[in-house]
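Novice: The structure under discussion is supplied below as structure tokens; questions concerning it will follow.
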Amino acid sequence: MCGIIGYNGIRQATNILIDSLKRLEYRGYDSAGIAVLNNKAIEVYKDKGRIIELERDLPEIISTVGIGHTRWATHGKPNKANAHPHTSGDIAVVHNGIIENYEHLRDRLTQLGYVFVSETDTEALAHLINHYYRNNLMDAVVSALNDIKGSYAIAVLCGSELVAARKDSPLIIGIGDNENFIASDIPAILKYTRNIIYLDDMEVACVTPDCVSIFDINKRQIEKTVNTIDWDLEAAEKSGYDHFMLKEIHEQPRALHETFAGRISELEGNITFDGLNLTEEEIRSISRISIIACGTSFNAGLLGKYLFEYMTHIHVDVEIASEFRYAHSSPGSLVIAISQSGETADTLAALREAKSFGCRTLAITNVVGSTITREVDSVIYTRSGPEIGVAATKTFLSQVGVLYLLSLYFGKLKGIISSDRIKLMLVSLKKLSAQIRRILDDKESIRYCAEAFAPANDVFFIGRTFNYPIALEGALKLKEISYIHAEGYAAGELKHGPLALIANNTPVVAIATRGPIYDKMVNNIKEVKAREAPVIAIADEKDSEIEKYVDTVIRVPSTEYVLSPVLSTVVVQLFSYYVAKSRKCPIDQPRNLAKSVTVE
Ligand code: F6R
């Protein structure tokens, strides 16, 4: 998704803008550009393609103030004309989000004599600010924002004036010594400062080298807290791994540990959350839960459904957020929104819809201060640390970790799960980190297996009950990073159609950890074997039976059946990673995808 950077200080602005834009590459982009004040005039350099190419073509520039952008096309093709910044007279603008009344604004501004040179909605904003400009940039920006409908995070440059604003799209202000920053994401500026102000919706910031003043949309000045970021830039870099994805897969034992830290006490069988804001009585009265999420977070939500229904007997609906919004029945009394970024537009829109029904809302997210956290009644942070790879890995596992704790906690209050059972589950949960390390230590066997199947055109992942969401997640990971067509199926559903596609060139990854319906899973494996499909089973290390039915077995340590999805997840992640690596795919930045999807 698009990235924004702004700088006003005493150093060379171009160096800082380019360096910061490179740190935003992980968000995914198709063009990049900067605008700087060079000798009293705004100069713009932008093009389709990589930042490194933009940097190579830059002339010598002396400037201490500027803005920059990485664009992921939403309005118009990825090309030079559509790349940001967009200009109108002396005004330059970079923008994330979508201006919904852009057609109307375009007509209005064209009648006023403005000439459009791009297909973007952002250009209308540049002209609108120019239209209102009377020697005060903030006034012009506020007037323009009052005319637009939609979402935005913007940085606007006019002479040495630098202004930022946001609505429904993330933006932060970095506070330095004689220099200040604007950015859409913390890693972009962490090298320069740890002191961050989170801009809220409808706030406008005027950024000079020695001062940041923040106003509401009525131009009333407001005081904001300066937050200190306590994680390192190194944590946002690769630490010697070939890809962020592999690094983040290896960070999962730590991430899960952090997710559980301070929240469980296995001796007493206690689970506590700081941000839950729900009384025990309120939890006992919940009769239906709706989970809303997208993509990988949806898969975590689906596992959440199985967990809640098993541990609490509460009925749970899991909805794809972009569909939920258009449903015609009311959601459950508790709505749980799952989003690693906390910025996904579809999830936010669904959440707002749920709120209109008066439901209690709870967010499970990784990003402190993200938009979602400011719109819900309660937040549980996953504490995975920054995730740079576009394909979610550790954030997924931490979401799942929270869902285990939450469903156990609700199950205890509802009287469905006994104290003794909870204690045992908590002990097993705590062991998971060490068990994941064992899988990681043996990753070469997974690599070996993945390389053998890397030439496949189609791969199926199958599982039942708690393993079904992991089949979906395995298929999603494989398709997004290796570009192989992959399907995740509930294994019992294959015979109702997809079995027609199974043949000797269709590898099937069967998640077959031991559990109450293991025998049925084995029957499903036999169905695909009968069609000569090569089958890779993910199975318990103590299962001596499975090798009779499959071609390859990848073992996971023994744990409770309901917890085994955590371990199978690590296997499907590594499998997908090594297939993609073998196919030489750009693993951390798959084509057409973005880390944070802030458009509906
Ligand atoms: C896939 C992936 C996406 C996200 C989805 C929702 O690896 O990362 O499918 O899960 O875009 O994003 P969040 O969780 O930020 O709401």
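Keep in mind that glycine also has a Cβ here, set from the backbone N, Cα and C atoms.
Found this in TrEMBL, in case it helps:
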ACT_SITE  C2  active site, nucleophile
DOMAIN    2-210  domain 'Glutamine amidotransferase type-2'
DOMAIN    279-416  domain 'SIS'
DOMAIN    449-590  domain 'SIS'
ACT_SITE  K595  active site, for Fru-6P isomerization activity
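Are these features on the surface or tucked inside, and what touches them?
Specialist: According to DSSP, C2 (active site, nucleophile) is assigned to coil rather than to any helix or strand. The number of other Cβ atoms within 10 Å of the Cβ belonging to C2 (active site, nucleophile), over all protein chains shown, comes to 29.
Per-residue pLDDT, averaged over the domain 'SIS' (449-590), rounds to 96.
Within 10 Å of the C-beta of K595 (active site, for Fru-6P isomerization activity) we count 23 further C-beta atoms, all protein chains included. Taken residue by residue with DSSP, K595 (active site, for Fru-6P isomerization activity) is part of neither helix nor strand, so it is coil.
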Novice: Of the residues in the domain 'SIS' (279-416), how many are helix, strand and coil by DSSP?
Specialist: 63 helix, 28 strand, 47 coil
Novice: Tell me the Cα distance separating K595 (active site, for Fru-6P isomerization activity) from C2 (active site, nucleophile), rounded to the nearest angstrom.
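Specialist: Cα-Cα, rounded: 10 Å.
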